[in-house]
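Lifted from TrEMBL, the feature list:
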DOMAIN    1-214  domain 'Neurotransmitter-gated ion-channel ligand-binding'
TRANSMEM  215-239  transmembrane segment
DOMAIN    221-354  domain 'Neurotransmitter-gated ion-channel transmembrane'
TRANSMEM  245-268  transmembrane segment
TRANSMEM  280-303  transmembrane segment
TRANSMEM  405-423  transmembrane segment
Amino acid sequence: MRNYDKRVRPVYNATDVLNVAISLSVTQLIDVDEKRQIITTNVWLKHEWFDYRLKWNPALYDNICIMHIASEALWLPDIVLYNNADGAYHAPLKTKASVYPSGAIVWEPPMIYKSSCPINVQYFPFDEQVCSLKFGSWTHDGHQINLSHIVYNNIEMACSLDDYRMQGVFFHNYYPNGEWEIIRAPAKRNQKSYTCCLEPYYDITYVLVLKRKTLFYRIHLIIPCVGISLLTLIVFYLPSQSGEKIVLCISIELALTVFFPLLADLIPSTSVMIPLLGKYLLFIMILVMLSILNAIITLAIYYREQNYKKSMPKWMKYFFIKVLSPILFLPSQKQYKIKNFKQKKRKYFIKLPKDNTYDIIFSNMLEKLIHLEEIERIFSKFNKTIKKNQNAHDWQHVALVFDRILLFIFTIVSLTGTIIIFAQRTPHAVSQIDLNNLNQGVFNACSYRHQH
């Protein structure tokens, strides 16, 4: 390598095109930062090209068919990550490259990339994200470097434009992520022309389709939220006379208030759209607020006779007690009804003594009249009490009917809302990509030994 100049592109003529093939191996998906919209990946980026200046005949050199040369001493293609998010565009660790007798060079440095990725949290926590890693030459156009993807058992190092590959990323040494699963990883070769230049520019874009693992969110978010919504329904079963309806509603509201700050740390913060789980929490909050309003109305109806001394209209009594009560499977009003006695006029006869003693007669009559007046007064008071109790029982029964109606309504709304919200699952992200079912494999480096 005495006359080797690493600053010169390894082609015979300046107008020749150098074929450079790359492939990506993902070893770990380190992090997906939804707030900053950055993914961190640990990858091996393999580069393959021919350098005619590094050919040799193995028979003349003790059958040496491979050499490992420091990459700093070789010409290297300036392949960088276009959508880099932290400024580290090149490989920080300059590993050695493998050089074969045919002049084929294989260089596979390990890198940790932070790349920008638009995060769509609309279906959180059942979301799928489509993130890309776009690699291309920073300075060379398509007339100088023909960038392509390494194909399986094919050392021609070329692929057609707009060619998607079902599995364009290798996962031989992949360490699974606890929160995300990579379900697809296609690769595409793109050609782009800019207004400033006539030459085309090539890039290889690797697409990582990520699917969130939902077990953690099901246990710590969804199940508690569903439990809180069930507690909201239990409020309607609580008797109004217990006086604990509003207390339970406010307790549920306080539980949500304490629960929300914990959820804020787990739910991605964005002002673009409301996450799916955020919609469900808002739905539960509305249900709890409506249940508090219902408890207030129910208690107002229950104690209406006591507070306002108003009798119930006949149409209301007929509609709620006679019509709705049997439909809602409530006990008959007969259990609450007290028989209404009516005062009847009767004739009373007082038998006079034979001795016609007027003093005795008037004395007995006066005593009996006093008893009769007392009986009439007691009966009148008792009759008013009966009517008052009957009216109170009517209002209480109407409150029970009203509570039962809202129970059915809230149950239907709660179940329907839960099904509708969680039925909005994310469409498969891979359906947004036009994929051809092409095989993808590992490059066989030893095949280079028989070239040229």
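Cβ atoms are placed via backbone N, Cα and C, with glycine included.
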Quiz prompt | Within-chain partners of the transmembrane segment (405-423) [C-beta distance under 8 Å, separation at least 6 from its ends] | solution = 126, 226, 229, 232-233, 236-237, 276, 279-280, 283, 287, 290-291, 294, 298, 324, 328
Quiz item: Same chain, outside the transmembrane segment (245-268) by at least 6, Cβ under 8 Å from its Cβ: which residues?
Solution: 34-35, 119, 121, 124, 217, 220-221, 224, 228, 231-232, 234-235, 238, 275, 277-278, 281, 284-285, 288-289, 291-292, 295-296, 298-299
Quiz item: Near the transmembrane segment (215-239), which residues from the same chain, at least 6 beyond its ends, have a CB less than 8 A from one of its CBs?
Solution: 125, 179, 245, 248-249, 252, 255-256, 259, 263, 266, 277, 280-281, 284, 287-288, 291, 294-295, 403-404, 406-407, 410-411, 414, 418
